[in-house]
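Novice: Here's the feature list from TrEMBL:
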type	residues	note
ACT_SITE	CYS696	active site, nucleophile
ACT_SITE	HIS792	active site
DOMAIN	24-347	domain 'Aminotransferase class I/classII large'
DOMAIN	367-592	domain 'CobQ/CobB/MinD/ParA nucleotide binding'
DOMAIN	618-800	domain 'CobB/CobQ-like glutamine amidotransferase'
Amino acid sequence: MKTFEHGGNIHKALRETGSEHFQIIDFSANINPLGPPEWTRSLLSSEIENLIHYPDPENTEFLQAVSEYNGVEKEMVVTGNGTTEILYTFMRVVDCSRVVIPVPSYVDYVRAAEIGGKNVETFFMGEQDDFDLDLNRLSQELKAGDLAVIATPNNPTGRMVKREDLLFLAEQHPKTLFLIDEAFIDFIDPALSLAGTRDNIVTLNSMTKFFGVPGLRVGYATMTPSLAGSIRENLPPWSVNTFAERFAVKALEDQQYHQESRSYCQKLREQLTAALGRIDGICIYPGTANYLFGRLDRGTSGELADFCRKRGILIRRCDNYRGLEQSQLFFRVAVRTEKENGQLVDTFTDYFHPSKKARKRDKKPAIMFQGTCSDAGKSILTAAMCRILLQDGLKVAPFKAQNMSLNSFVTLNGDEMGRAQVVQAQAARLDPDCRMNPILLKPNSDTGSQVILNGKPVGNMSVNQYNLYKPTIWDAVCRSYDSLAGEHDVMVLEGAGSPGEVNLKRDDIVNMKMADYAESPVILVGDIDRGGVYASFVGIMEVLAEWERNLVAGFLVNKFRGQASLLDSAHGYVFGHTKKPVMGVIPHLKNLGLPEEDSVSFKKGIFNTIRENDAVELVVINLPHISNFTDVEPFLDEPDVTLRVVDKKEDVGNPDAIILPGTKNVINDLSFLQSSGLVDVLRRCQSSGTKLVGICGGYQMLGNSIADPYQIESGLGQISGLGLINMETVIEKEKNLVRKAGVHNESGKIVFGYEIHHGISSKNRVPLLSFDDGSSCGSGTEDGGVWGSYLHGVFDSDEFRRWFIDELRTRKNLAPLGKIVAPYNLEAAFERLADTVRANIDMNAVYRLLKL
């Protein structure tokens, strides 16, 4: 059986490899590297209901769209199942004495003419003229009754004929019919089209190349109404299917896609031309289209094509083009994405200069966890993967481009970063480094979010202000990633929220854009405990652009309670719909003993613990803008502590201690306490013997007043505090970011942690804490019933925490335990987490993705 020779036959290439899973980059077909418009998949989904009906045989909407796009009458338009169908039909129907075809050119011109029974004469374009078409010489050859077939730009050379020169040629030969193939003209400028300009000019306009859908088969031609009618009479009915017509109409209307494609392709063509031009051994001819035409100085195009194919790259050898049959020197390559073009350049370099050392891999091996939603488990799984890779002997580092959280941490260098990345760093046994989280957004209800860049605040910004700032921030993110990756063997990245947020995707820098920059495969994590996890997998894949879908390597089901084998049918369904596997099912992990990422878990009540016997009761006030709530996490494993989180006055009860935690908006949250009636309850409890403790913003609330003269947090300016400590606070412009270690003066117990605050509070003569650097912090009442400090992490100290609990036990007439019974040690938790995840994820697949 005779095979069909044409670029883009990836099916044949896959058959020859013997594996459908072999990765091939197809440079032999000249398709828009931007891929189909993002709306293609959603359009297909919306049109499925119409597939039960026959297509419109007249293609009414398609004709109207072409008419408006080209400024021609509808009667002049012929639509078809790709322009190949129109070309072959045209050659059968048109009456001409001979067909004159400048060569080299698209191979099907000659084939279609010969099948149509036409006498074909070729007109050679010379290599000495860079294969430019000599219109003067062609004009001398043309006769009345001829059909001249001219491609502009030419395929394979990419050479363009000036529009005015073609019009002049057609005017000179009114008895000659000109078929102008404009298959690639949209890549340059559709205004150059000759559609509808003269009765003796027919244009052929492919849509599948520019719009990236060669498998769809749709195109059109323009010609005189009488000739168009003849062509339509000879076409089979319904040759343009329902979806193809709807796609064509919408594609012609999408001017934004047109402009982005032209700009993108021009930039990539110039880059690829320059890169290939630097390789000794090939000559690249000047061209205008989305492909390059080249000549070898040594070797043959067949040898080069074979070499490339073994590297997973298809190129177009040109020895079956008329005019090039006698030469084995010419080839054509498409312009593809920047990364793929780089792989082509590397492969060509290896072919022509095998002695040169291979270019070092630009990016370190990386894997990324993204989620179907917030709190799907991305942070914990990132920590788990860090520990697993560390166990396997690799130097690994975590990275999250942007984190939105009020739960932050100060590094040894005084830089602020998200707490989640701190935990991940601990899992990798690294010191926390702000490069692991270059952007931290701390929401503030009145003034947007405070933006922390590379550990330092750069100001408060609204959403619009932040979007304008993103180009600057993105450069900083990339520098942070490259710097950190350069010091490690492998990177584990975390996304944020969901990559499927259609209203946010364009400006997103933390999910797919970051994965693309890091060249990292993505594992999409879903929380099955919430329900609908498989619908979420499928749904998110449906709204992703093709380049985003290509980054997704598979799915991970998280927080499952039950027998994993019961999910097999669902996994099969997801694979059938997305062609991506479920790579594991992670069981629901209770009492993991690791800090939570943000206030979602806190506000869901996960921090509530109930102990029935001989326990002291702590109440944490759930402030609207609570931050650094992990300050109370060390109490969760204490066997003699009941911890409750409340935000209503009637739920406070009569606890042994009440903790006012940190807040990103102390003035507004203090106003909340007042309006909700909680202030009165706090005073009542304190007078009844309940110990009252404030940390950072909560500490400020205990004083007499809080002033915000620069409106850092709120526009309220100043507010009265609870008046339980004789102290005034002023919120200053500069933010204090520092780690501290020292002792609690009353108990003599070691304390450590960090300070993150704008406020400056008047000092008590007897400070609560004394630090190793000679500074001090905190104050309280003389009887110790009310105290507070700026030190986050004060309860992380096992000794101090036990002293605090035992003091409460004594006040409650319970015997103190007098020893540490629940060490706040994350190492054991990391090991348990890593063992569980390793046992329930396909680590062989992970290592294949990492190429390690």
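From the backbone N, Cα and C atoms, a Cβ is placed for every residue, glycine too.
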Novice: 10 Å Cβ neighbour count around CYS696 (active site, nucleophile)?
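Specialist: A count of 26.
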Novice: Give the three-state DSSP assignment (helix, strand or coil) for CYS696 (active site, nucleophile).
Specialist: coil
Novice: What does the structure give for the C-alpha distance between CYS696 (active site, nucleophile) and HIS792 (active site)? Integer Å is fine.
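Specialist: Rounded to a whole number, the Cα-Cα distance is 7 Å.
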Novice: Only counting partners 6 or more residues apart, tell me which same-chain residues put their Cβ under 8 Å from the Cβ of HIS792 (active site).
Specialist: PHE409, ASN628, ASP631, GLY662, ILE695, CYS696, GLY753, TYR754, GLU755, ILE756
